[in-house]
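Everything below concerns the one structure shown next.
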């Protein structure tokens, strides 16, 4: 018996909210407000907040926040464990499938793009290639590794700065382990996100307000015990090349703990570095497509609580969710 077109039709696409924006723009407050109002599950899309070692220094949601709404993928990896876009995407897809209303929250643009637009199908280079790339970096330095890469994979080398050791090591390990450069892998076809309709709530506050928030937040982190948190990790003598050691404020506090700079200087440098990073984040988000224009809502102020959740945005979200049901 032939099924009717209605019986054969695919199920309606499910709603997915993305709360994105630069560091300290108020993403966590907005995501929590949305989760409480609409019954959502918050899924972390911030690379550094994946690490269990970094609760204070990354401003992870507090235990009270986590009790107020379901939170997923926060503090799920040790610093010594690998966290990258491919690993995160696999975990995030599983969390999306389990959530009634998934709410992605984070500022790691590469993670969000990998989920929505797909990710290059790069195989695992393997431990030997990874170790050799690290050895080359430690022995010769980033400039020499960049020159080595330029001679063998110029398409990738032209996109990397000689002063960026982490990305250079990643490019080297991929070339060594797969025989193919990162640029070639990134040019390969990729599958995007199927079965979901995406709404983007993009926070883009004025830079002076953001800079003020960054400074206040770092001082609050120090008062809450960020220095002790970093000292506990430093006591383990971790590999200096670990990506998790690049979390905002960590390099500066490590330098202070080593006696190289004062705590005031560490705070000043951390605030400046974070502010510079937020400028790059804001630029990236303005030029990347994570949702259709009609489902993209840009919020020009820094959110601190749900009282700034405008009724027009609420109505848009309700309409968006209902269309998916």
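Cβ atoms are placed via backbone N, Cα and C, with glycine included.
If you look up Swiss-Prot, you'll see 21, 22, 23, 24, 25, 26, 27, 28 marked as ATP binding site. Residue 27 (ATP binding site) falls within a helix when secondary structure is assigned with DSSP.
Long-range C-beta contacts of residue 23 (ATP binding site), restricted to its own chain and to partners at least six residues apart, with a cutoff below 8 Å, comprise 107, 214, 248, 274, 277, 278, 281. According to Swiss-Prot, the substrate binding site annotation covers 23, 24, 25, 26, 27, 28, on the basis of sequence analysis.
Within the chain, the region 'Interaction with substrate tRNA' (166-170) has long-range Cβ neighbours (under 8 A, six or more residues past its boundaries) at 133-134, 136-137, 142, 145-146, 149, 160, 182, 241, 243, 246. Feature annotation from Swiss-Prot assigns region 'Interaction with substrate tRNA' to 166-170; the stated evidence is sequence analysis.
Taking Cβ-Cβ distances under 8 Å and a sequence separation of 6 or more, the neighbours of residue 108 (site 'Interaction with substrate tRNA') in its chain are 45, 46, 47. The site 'Interaction with substrate tRNA' annotation in Swiss-Prot covers 108 (among others).
The C-beta environment of residue 130 (site 'Interaction with substrate tRNA'), restricted to residues of the same chain at least 6 apart in sequence and closer than 8 Å, consists of 173, 177. DSSP gives residue 130 (site 'Interaction with substrate tRNA') a helix state. The site 'Interaction with substrate tRNA' feature in Swiss-Prot is assigned to 130 (among others); the stated evidence is sequence analysis.
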CB-centroid shell, 8 A cutoff, ATP site 21, 22, 23, 24, 25, 26, 27, 28, site residues removed: 107, 203, 205, 210, 302
Local confidence of the prediction over the region 'Interaction with substrate tRNA' (166-170), expressed as mean pLDDT: 92
Secondary structure content, the region 'Interaction with substrate tRNA' (166-170) (per DSSP, counts of residues): 5 helix, 0 strand, 0 coil
Cβ-Cβ neighbours of residue 21 (ATP binding site) (radius 10 Å): 27
